[in-house]
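Student: Among the features that TrEMBL reports, domain 'Cytochrome c assembly protein' is placed at B:30-184. Annotation comment: TrEMBL describes B:21-44, B:56-84, B:91-115, B:127-149, B:156-173, B:201-222 as transmembrane segment.
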């Protein structure tokens, strides 16, 4: 005890900024996901398989598929996002990363936002990229496919953001998967309606700018509100564990 | 002001008030409901378009009306739970959610049965019925989440978050379902929007709405009392009360 | 009275089955939830009384462990 | 200097209808080590999670440097390091990546320092092996590497010595002692028989451990 270097409080300017911290969360989620590529592939395979069920189970007729195509693809995309949501916080919860995330000094809702965006990049975006192929397989017209991709591009982030609330609420519960679907599906309905409605309108030759703008408004609303709800839900779930 | 608020949050205080209030709620409510229904069924004139099938309105509208307002009340209680951590607010949400679900189901059921003679089909994907169906899903979600979390406090707050998220969504859902309806359904099946309902019709309707409201109040008090007894089982006043009732 | 006879009241010009089913189900469900809630409260009171009545509640403090093996008797 | 960092005033926590502790008050001063003691199920972990701000189902007050902690979330979290049962190590990432990710949220640290920290916990040569290929003890060491570079004045450590071998335990004890001598504040739970100079105790599971 010759010298007495006293440990003082940390000065704020030594800290990491919010954007840097968000980036770190985002990068870590992507890195972890790419170490286990099968988990990334599963929702995509599920998407393709659900779409395949419709021609087999209902009718392979071109006229039916053409009419129902946008709905089938939207429902299948919605279900595969739902399927992947269970993983959003589960692993982090199990290995303790989530505790450390909540204890970071940056605002939690922004870190949660980063996680939701990572989830979208890992599930929603690949679904959008796969959609043209499946659109052609269900005989949709070129113009409709483009509009469908656009609606999915705007809509799937909303699915990830709202889904994150449900995933946070059901964290650490038994049979969380089914419960999660139960809570979240009703909240997905508006996105589904506008997603498919826009494509239908486009197929009939009507202008779709207004609907797309409205979906954009949904996205903005989800971006601003959902992270707060998810952050609150995460705190509650962790408090319980 | 703050003290009144605090007192309102005290389960013991509520228990006493509820006991005093309940007979009034039940009997006045039942009298009004029965009066409204008897009047509506037997004495109100028949509708010139729908004939006698419209008489379902005297239970359909009260059920539908309450089903929606119960969810709003739950959302207010959820907010109170989150902001002030008031136990009683969560007790309310828990006690009332099944009642809300039943009322929603009744609104759906009576709507469907009414639809058969009016539209010629049990179910149509009409904007109102569809958004009622989604409301029923929301109720089920609240009940399922509440049942799944064992810790009382966490469960209360999680349910509160869910109810609030739901209530933000209700107008969006309603609007989107209406928009979807105009897209898919030519407006042939519109329920008759009466420009002016004769007094012989709306007075009994009002009576039955108010009556059902009071009965709901009674049910809420009753179920909240049960919930309080379960939660506060270890406190002295509950023990004393339980002993007093037994003898 | 909007109807001439009891028969006409029951029949409601053919709409009777619909109207009466609705009212039946309405009262059935409202009655069921009311009765169920009443019974539930009575049950809880009953249960609480039994619990407070029998004072011998198991102590909540953790019991000391000795980790002694238990050998089944060889009869 | 001897102003308490964190003060617990009249803490009470109830879980599943059982009172874990009641009327619990103590101060966490710089330069002290507090050991939270008690049998299994007495609420040691719960108390640590409450102190860390992970669990907020308690009544009573927590004061951060004399003021209610609610208003100082950012400052509190910046100055507090918590290591729990679950150490926050992702099995799919390597020790380097894990440590990087954990530090990225708190303080910019160059890779060289992280590398040295991992070497310091006995993980030299394992820095780039995925953590799922490491033993339980080695995985804990990844999390403990944070203690070699952490500059937060308050550490809250739950079962730090779990899965660490005898030699590691000795080294870790020395680290804690040195930290305390330099003015750090540490709260620990451990089943390991920890005897450090100037160690204070908070004992749970005493007389009023139950609510009937």
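Placed from the backbone N, Cα and C atoms, the Cβ positions cover glycine too.
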Student: Counting only residues 6+ away from its ends, which parts of the chain sit with a Cβ under 8 Å from the transmembrane segment (B:91-115)?
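Tutor: The answer is 11, 53-54, 56-57, 59-60, 63-64, 66-67, 70-71, 73-74, 77-78, 81, 121-124, 126, 128-129, 132-133, 135-136, 139-140, 142-143, 146, 156, 159-160, 163, 216, 219-220, 223-224, 226-228, 231.
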Student: With pairs closer than 6 in sequence left out, are the transmembrane segment (B:201-222) and the transmembrane segment (B:156-173) joined by 3 or more CB pairs under 8 Å?
Tutor: no
Student: Determine which residues of the chain contact the transmembrane segment (B:201-222) at the Cβ level, with the cut-off under 8 Å and only residues 6 or more beyond its ends counted.
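Tutor: Result: 18, 21-22, 25-26, 28-37, 39-40, 43-45, 47, 57-59, 61-63, 65-66, 70, 92, 95-96, 99, 103.
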Student: Do you know the mean pLDDT across the domain 'Cytochrome c assembly protein' (B:30-184)?
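Tutor: Mean pLDDT for the domain 'Cytochrome c assembly protein' (B:30-184): 87.
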